[in-house]
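Chemist: Below is the structure I would like to discuss, written out as structure tokens.
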């Protein structure tokens, strides 16, 4: 029996308040402790040595001794918290006894023998009932508000676009006719797809690294891709849409579908790309100025300039016609994760792993101002403009924040989620934010942070791996939302947004 245990057994028994002390000492003596507080330093080191020699471990003895000291410190802190907890409980018991005594004295008083007690119990009963009624009413309002939004929002999986041999980082939809879907993959290729048929129309193979981003020119049939080979490519495409085929009758599924978190590894196989898909290997323009991975790129309004974001902590502004570097946007402390341009103004927003995003203003040719926003506590994975005067930012800190460009001191709305948020997108017509998550979910919120829907995901439909990006398409009535992920597929959804939600 350790020394501490023997000392506890030798303590004299006192009356009254000694019972709690005995119980506490008894608990201490039976705790599974490596350190004994009443032992000498020599005995403690001897005990540690005996314990270490008696165990079969491949760890070096100094490392095991260090671990033992750390565990002892943890035990010491836990013991202090435990003792403090016991003292607080004792105080609570004392206060309860005092309140009970005062209640008895009040009940035995001559003046209010029955009246005060009846009045007190009556008022307490009224207060309790009022609280219950208020709580039920407020809860019912909250529940009914959620039901009013989620039960009327209907999601339908329309088509899957399968052909990449690795995860898909990004996707985008053309802004001109013909309307096609573009995907950027870690398999070093970018693909163009027919939205209606799911057929691959063109495969771009000009990059030597992972294709991390794809964006289309606002008026011409040109694509801009960013890659891990430290370059961005501009390439022209000419595609002909196949004859649309009838869409299989898929029953409309409420967005709040039951979630099945079981893993499905069907995508692990080496899926071959479409055999009859034509390839394009040569870029029209190659932009080379970065010293690291180019993670994203986008066209400025008008399509005469592009901006790229890189892991070298800089964003570069290029002239498309001459391929020359116009500006190097520096200031971020860590790698950039995304860049986005305003649809109608010469504004650029860049996000970074340094937990900030920056707004760059090129509207005045003589002044290039920049504003830094520190609204997140972890990597800002994306920040995008809306048609109005808002910026929406998503982060690995599991939040999405809506900002007003006229007053960026604090967000006007904050969405809190249970998983990291990847590249978000905002619907132009409905102003609905699509949130792709690391946990394979895609959720929809309005600009006021009210949750509207969750796209169905099960073993039968939906993404089976991390969802990397979302993109809205307002010009197509069949599929108006696209998502992609590390399950090597892109999915086209039909999101039915009720008129009630469009007005919010």
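Quick reminder: no glycine exception, Cβ is built from N, Cα and C everywhere.
Computed from a predicted structure; not experimentally measured.
The feature region 'Disordered' is assigned by TrEMBL to 1-53, 249-276. The annotation compositional bias 'Polar residues' is assigned in TrEMBL to 31-40. Summarising the annotation, TrEMBL assigns compositional bias 'Basic and acidic residues' to 41-53. Sequence annotations record features per position, and here TrEMBL assigns coiled coil to 71-98. Under the heading repeat 'WD', TrEMBL lists 161-203, 204-235, 287-328, 329-370, 373-413. According to TrEMBL, the feature compositional bias 'Acidic residues' maps to 255-273.
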Chemist: Excluding the flanking five residues on each side, which residues at least 6 beyond the ends of the repeat 'WD' (161-203) place their CB within less than 8 Å of a CB in that stretch?
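Modeler: For the repeat 'WD' (161-203), the list is 209-221, 223, 225-227, 237, 239-245, 247, 270-274, 277-280, 296, 423, 465-466, 468-469, 471-473, 475-476, 478-479, 482-492.
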Chemist: If you run through the repeat 'WD' (329-370) with DSSP, how many residues end up as helix, strand and coil?
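Modeler: Summed by class, the stretch gives 0 helix, 26 strand, 16 coil.
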Chemist: Over the span of the repeat 'WD' (373-413), count residues by DSSP class, listing helix, strand and coil in order.
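Modeler: Residue counts for the repeat 'WD' (373-413) by secondary structure: 0 helix, 21 strand, 20 coil.
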Chemist: Go ahead and report the DSSP secondary structure tallies for the repeat 'WD' (204-235): helix first, then strand, then coil.
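Modeler: DSSP classes over the repeat 'WD' (204-235) add up to 0 helix, 17 strand, 15 coil.
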